[in-house]
Each structure stands twice: as structure tokens, then as C-alpha cells.
């Protein structure tokens, strides 16, 4: 192929041939042609000398695609190799790019036709600026401003460059540049902003050219968030922006600028200017958009520009109110404009656009939190510091003053807050528990996939409704009951109206005092049950059923206190279990489980007016209740009844209830086992296998809820289960041995293996949930050593169940050192054979990988002495497998491997084998961890990489190591100590891995690691900066490097939510639910 000539870069590249190759890649040619072109272009990009041909290519091609290809090559060099280039090459490229931009933007015609190319050149120039400025290109900003004044089109493009520069430094810099470089660029932009400011004012005052004014407003928008406020409030800038606001061509860009100004907050120095700005803005807005206009309707029929205006308006109001609403509150003359602004925002909140609603919702959430916070601290001054993180001391004399101020504030906001309650009730998002939805064709169906965006929105709306309920319980109750009565009367009957209302009712669970909640719920449940009776049609009844189930599932406190309601609700759920409309039975079973888990004690005592506990009555009619349920629904039901039985404190009654619950499955089990004793072939029939599987799954769910009390039931079937396990295992093995790998995918083998897995899962579930009683371990573990472990070792790889590994991990985690003597047997049975399965590549046997390393971690944590007793060959295998684990790109496996490694490092440090272990493995571990830390595929493991390296760097100074880490036979000169050796070794290791970094930079980093070894925060920051400096992590999504900080913030938020009644739903709070 002629294009192969392009690989030869010893002479100027054939641009015509390059054009043809690039076009072949982008064209609709054959797949082979595109693949061939792709290979050549990739090789050219990878070749370190291609960039030297960029100028030649740009000067000789007319193809936009080829120009972009050349600029991509250049961009890579600028990002990763720029500082290694000779000064003359850097200056030459910098001047060439600048000249091309000026040439193309000087002429109106070329500027418009080549706009895409100019935009890409601008990006390249800004990448160069980030490297060169300010140290090596001090005159960049003055040069740009001078060029801007030579022609209006050049000025327009200069504005685009200035916008790009601000975005690169202030918006996209985190994770791409070191903290020091970001700081340097920000200081330079700040110090030279006066020139930019003067240029913008000059253009906005003097130019009549629409494109230039729009480009200037757009650039200004990028700068307003960080420039000193004096440039805004002590110059004509704000006045000019407000002058442009009524002009339709500039309205949206001006509004974006005003939103940026509104989002700034530097104390109260400019408060009066903010009030003046808001006042002028509101007067202008009411002329453009009358307050009585139906904004949602106007939005739905408006142009894209008009819709963008409403979106920007939402951003302006929310930004302004978040920071400056208190200024408007403080002066009576501003109150009417403040209420008008809130009125606009409530009207905008009804717009049928998810993004607009998210913006509004975020503000409403913060406003009601703030109103609730001030009210809460007025009523409970002693509690507030701990609730809201305020360090204040409240004197009795100040509390009354605060209370009266809060009362006035509540009066001011009472009307907007009442309207906001109406908004929230009418737009509540669907909670996760609701399984019944309306599809795009208007049919009521079972939900097939969760929408995470909707769940996040529900969480925020629920929190907002909780605060609104706390601010005025009566108004909340009144609005909800009024809307419910309109559902009953038919005045507002509609699926969506009932759904959002019931979701809102369910969401405020826990926010009312007990007496009010009781009164409220009695009316709600009665009305919903009445609605179910009067409304006809299967779809209608399904919608009402789902709402009844959702509401009752949220109010366990009410149900615990009202037995008759609880019994009525449960009987209603039993009724729904016979309703075959998609989703109703699933939701009925899920709701029953949720209620039982929170009210279980109520079902095992004899209630007033009853002759026996409810659980006994239920067990008598068990077959009828579950008669129409599918197997998976029956399993959920059985788990629920198991929860009830677990609450019974009398062992004799508990045993009797369990016997009655398991009577049907036990009867079927005994029948199958009895037949199998006559002829084992019965166990090979697919229908029998399915029945066995179903029985085992039922047992597993009951074991989940009963824990230790399941002992009598599992003892009854345990040995028979092991026999079934052995028989099915032999069938699977012989099928795979005779039929090859394909046999493992046949329906019969899949079914047999499902039974094996369920047996293992049942045993694991019971042992995990049972209390730590040694006699249980002694009863169940020995029979499994051959039947399960031996079977695993003997089987062909494709027939080995990964659940064996997790079962024995659970056993070791549960019984700890008691299992130490068994570890060699476990090791012998699973280690070597599993390792052979998972180390051929990173893909095969994914389940075995994770569970194998979880088992190793359990052994390392609780039976470490057993690891020490391994031979050096076996220990090497363990260490190799650990390294193999954290090299894995599957996050769970890599994290399990790193946690296991940390566990072993700490344990070996405390052991007698410390010196021997670290002499053998210290350098290998350090090398391997640095390899995964710096390769960008393992970023989620960043926190653990840091902890491993911190351990290693701390270890060399700790005194734990009495022997040298270097090999005296191969190292020509001895080191004074291990610290000196490790620092030098690490510097050499990283210098060879990152040739683009100087030895000084690497040495500085390594010394920084050593100096910060006792401060994990500084240690982590050093590594983050190094990763960015090394260029390996530039232009990547680096949020994983900050994951630990994000997790800590989430925990602080959870603690705050726990302190406010209702914010975490009662159904989500873990408690013992003794129901006394």
C-alpha cells in the first residue's frame, strides 16, 4: 500500500498521500481500508519525530481532517514533552501558531470559513501558554491585548483565547497541573487582569458589532467568578451589563454574567450594590416576563433561545438568593421584590424540564435547610452547635431576641413555603420501593430498570419535604389531606397525581410528633383503602395498591402502635398477593418483609381481642396465602415469617413455629430423598432438580432471618444435602470430562450446578448469621472437609464452584483461630489448583478470583500463624498471587489484593520472620505498587497504594528491620542504613520509568515521601502532585485520587441527617425493634 511510505520520516512527509490516508479513515470506504489507515495514523502519532513535520503538513494541506490530525500530534508533544525540547524549537512553534491565528482571524471571510480550525489552533496556543507563561512568555497578555486592538475579528478571536485560558486555569486544572503551577497561573492572570478588564469595557462601550459583543460577554463570563470584586462594582461594568440585559441578542449571555456576579460573596462590603443590581434587574425582568405569565406553558411552546432564558433565569435567582437573600430581607422596601423573585422561581420550578427543576430543587433544599436551621437553633440553642457545626454560646437574654427574629422570618416566608409544599407534593419523584410504573404507552407495568437520576432526585425532594414539614406540620398535613380528598371525590383523580401525593406522604415519615402522625395516618390509610374499593379497573387498582403498599411500608412506628391497622394492612397485603397484575405481588411481598422486620414482635404476642399470636394464625393458612405466588415471591414471604419467628423468645414455641413453617418444603424434601434411596436416578430428572433447588432457596431465605435459631432445621437436612452435593458434583464432573467445556453450558449441567451453589450458599448463610458458638462449627465443618473441599480439589476446573472459597472464608472469619489447624488442609485443597485457574490471564473464572483472595485475606487476618508455617515456595506462591491480584484491572479484586497485602505487611512486621520476609519481598512490593500506582488503569486503588507505600517508607525507619535490604553480593558498596538504600533505589526506579522528568524532580519527590511518611495527608498530596507532574495522569478524570475525601464528606453528612427527625427514614434506621 502506498500509504506505508508515510512511516518514513527521514524526508518531508507526502501531504497528498497523508490527505488520502486521513480521508480513508474518515470516509465510508471498506472496513479493511479504514483499519489500515487507522494503523498508519496511530503509528505516526506514536512516532516521537512526527511533530517535526506539523508545520510542513499545515502549510501544504487544505483538508480540515488532516489539519486536525497534525494538531493532535502537536498537542501530545506540548502536554508531555514540551519542556524537553530545545528553546529554538519551542519558540519557533509558538511563533508559527500565533502567526497562523492572526492571519486567519485578520480577515472576516477566512475567520468565518475556517472557524473550526481557528478554534483548534486557539486550544493549541493555550496549551503552549500553560507551559510557557508567565516565566518564559511574560508579554503574552499585553501582546494579546495589542493584537485585539488591530481589528474587530482579531479582537473577537482574542476574546475566545482569553475565555479558553480562564477555563483551563480555573475550571479544568485540578488533576492536570501541580498545585504550585495552578497557583502561579492564577496569580499571573490576577495581576494582569486590569488589561483584560480595560479591553472588555472598551469593546462593550464602543463596538456595535454583534459577534464581537457576544464573544466579549462570553469571555467576561469566564472571568467573573474569580476576579477581584472592585473590577465589577467600582467600574461601569455592572451598569453596562444591566444596559445589555433587555436587548434580546445579548440577554442570555448577559444573564449568565449577572448570575456569576450573583454567585460571588466576599462579606457585606458591596451589599448595597447587590440590592441596587437586583432592583434594576427585577424592574427590567417584569417588563420582559410579566409575573402573572404561565411560565411552564410559555416554556413548552418557546424557542430554544427563550427556553435557555428561563434556564438562565433559574440560575440567576438561585445564585443570588443563596448568598444575598438576607440583604433583601433586612429592608422593608425590598420585601416585595424578594417575594416577586421567589414567585418567579416557584413558577419556573413547574417547568417540565429535568435540568431546570434540578437547579431549582437544589436551591429550595438549601433554603428550607437554612430556615429550619435558624428555627431549630432558636428553639434548641443548646443543641444547635452539635447539629450544624456552629461554635456559639447562647445566653438566655439573646434567645428571646433570636426567637422573635425567627418568628418574623417565618411569617415573611410562610406564603412562599406553602406554595413550595404544593410544588413538592405535585412533583415528588418515584421512590426505589415502588415497582409499578406507567410506561410510554400509558400502560401500568412492572418497572424493569432503576433510574438512578430519579432516585437521587427523590432523595433531595424527600429531604426538602422533611424540612418543610418541620417548618409547618399543620400546613403540610392540610395540603396532603386536601389533595387526597380530591382524589376520592374524583376532582383531581389521575395516576400521576395520586402517585406523587402518596410518595410525598411516605417521604415525610418520622418528621411529625407521634400524636400528629397517628391522626394523619389514620385518615390517609382509611382514604386510600376507600379509594381502592370505589375505583374500578385493574390498572387503577394496581396504582392504588402500589401507593397503599408504599405508604404503609414507610410508617412502621404507626403500625407498631396500632395493632388493628397493622393487621388490616397485612391482610390487605395478603389480598394483593393474589393480584396477578405485573408488579403487585412483588411489591406486596417486599412490603410485607419490610413491615415484619420493623414490627416482628407484634406478630408473636397475643394481641387484645385475639385468641392466638398472628404468626400462628398465618401458619395455619400458609398454603392459601402463598397459593398464587411465584417461587421467588414465596422465598421472600418465608424470609418474612422467619423474621417473625426470630422475635419469639420462648424456644419451645419458636421450634414449633419453625416446624410448621417448614412443613411443606420438608415434606417434599423427605419424599424426594426417600425416592432417591430406592433409586438415585430420580435426582437426575430436571423437574426434581428444580424442586430441590426451590426447597434449598426457601431454606436459605429462612436462615437469613432466623440465624442461630435455624439450627434445628439445617441439622435435619444437612447430611442429605451433602450427599446430594456429592452426587451432583460427580454428574457435573463426568459431563464436563466427557463433553468438554461446552458441556458446562448445557441446561442440565447449569441446573445441577445451581443446586450445588445453593447448598453452599445455605451453609454459608447459616454459619454467617449464627452466633459464634464453637459447637456449631464443630458440628458442620468436619463433614465438609472431604465432601466439599476434597470434591473441589478433585474436580476439573470448569466444575469447581467458587462458592466453596467464599464458604471457607466465612468459616475462618467466623471461627478465627479455632480454624488454624484446618488451614493447611484448606490450603492444600484449594490453593494450587485455583491459582492455576486464575493466573493464565485476567479474564477466566472471575468469581473464583475475588473469592480466592477473600479467603486468603481471612487466613492472613485470623490464622496468620498458619501462613508463617508455609514453606518458602508456598509463601512465594502466596505473594505472587497477591501481586497478581492488585495488578488486576477489576476493582474489587485489586482492592481485595491490596487489603490482603496490607494485612500481611503489618503482621509480618510484628512477627519473628520480619527481616527474612522484607529482605525477600520489600523491593518487589515497592516496584509493583509503584507500577500500578502510575499506570492510570488502577486509579480506584489510589488510597490503598498510598497506605502500602507509607507502610514501607515508615518501616525502614521504625527499627523493625535489623538486617540490610540490599543484597551484599550484588551491591558493590554498602549503604549506611536501609533509609539511604531505599531512597536511592526508589529514585533510580522512578527515574528509569519517567525519562521525561529530571533527576532533581524525582529526588525531590522521593525525599518528600520520606519526610511525610508519618503524615498520611501530606504523603498522599505528594503522590498526587507527582502523578500529575509525571504527565501520565494529565487530561484524565482523576476523581479517584480524591475518593477518600469524598467518602469522609459523605459520612459527615450522614451524621448530620441522623440528628434531624425524619431525614433518614425510620425504615432505613437499623434498630433492634423490640416492640415492647
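Backbone N, Cα and C define each Cβ position, glycine as well.
Summarising the annotation, Swiss-Prot assigns domain 'Importin N-terminal' to 37-103 and lists sequence analysis as the type of evidence.
The feature repeat 'HEAT 1' is assigned by Swiss-Prot to 135-171, with sequence analysis given as support. Taking DSSP states H, G and I as helix and E and B as strand, the repeat 'HEAT 1' (135-171) has 29 helix, 0 strand, 8 coil.
For 232-267, the entry in Swiss-Prot reads repeat 'HEAT 2'. Remark: secondary structure over the repeat 'HEAT 2' (232-267) totals 22 helix, 1 strand, 13 coil, with classes taken from DSSP.
Sequence-distant contacts of the repeat 'HEAT 3' (282-319) (same chain, at least 6 residues past either end, Cβ-Cβ under 8 Å): 242, 245-246, 248, 251-252, 255-256, 258-260, 262-263, 337, 340-341, 343-345, 347-348, 350-353, 355-356, 359-360, 362-363. According to Swiss-Prot, the repeat 'HEAT 3' annotation covers 282-319.
Each residue of the repeat 'HEAT 4' (475-514) gets a DSSP state, and the totals for helix, strand and coil are 29 helix, 0 strand, 11 coil. Taken from Swiss-Prot, the feature repeat 'HEAT 4' applies to 475-514, supported by sequence analysis.
Taking DSSP states H, G and I as helix and E and B as strand, the repeat 'HEAT 5' (564-601) has 31 helix, 0 strand, 7 coil. Per Swiss-Prot, the feature repeat 'HEAT 5' maps to 564-601; the stated evidence is sequence analysis.
For the repeat 'HEAT 6' (613-650), the predicted model reports an average pLDDT of 96. The annotation repeat 'HEAT 6' is assigned in Swiss-Prot to 613-650.
Marked as repeat 'HEAT 7' by Swiss-Prot on the basis of sequence analysis: 683-720. Under 8 Å from some Cβ of the repeat 'HEAT 7' (683-720) lie the Cβ atoms of residues 631, 634-636, 638-643, 645-646, 654-655, 658, 661-662, 665-666, 668-669, 672-673, 676, 727-728, 731, 747-748, 751-752, 754-755, 758-759, 761-763, 765-766, 769-771, 773, 776, 779-780, 783, all in the same chain and six or more residues away from its ends.
Annotated repeat 'HEAT 8' per Swiss-Prot: 757-794, in sequence order. When DSSP labels each residue, the repeat 'HEAT 8' (757-794) comes out as 34 helix, 0 strand, 4 coil, counted as helix, strand and coil in that order.
Per Swiss-Prot, repeat 'HEAT 9' is recorded for 799-836, and the stated evidence type is sequence analysis.
Positions annotated as repeat 'HEAT 10' by Swiss-Prot: 895-935. Long-range neighbours of the repeat 'HEAT 10' (895-935) within the same chain, counting only residues 6 or more positions beyond its ends whose Cβ lies under 8 Å from a Cβ of the stretch, are 850, 853-854, 856-857, 860-861, 864, 867-868, 879, 882-888, 941-942, 944-945, 947-949, 951-952, 955, 958, 960-965, 982, 985-986, 989-990, 993-994, 1023, 1027, 1030, 1032.
Per Swiss-Prot, the feature repeat 'HEAT 11' maps to 943-988; the stated evidence is sequence analysis.
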- Message: Please list the DSSP helix, strand and coil residue counts for the repeat 'HEAT 3' (282-319).
- Response: 30 helix, 0 strand, 8 coil
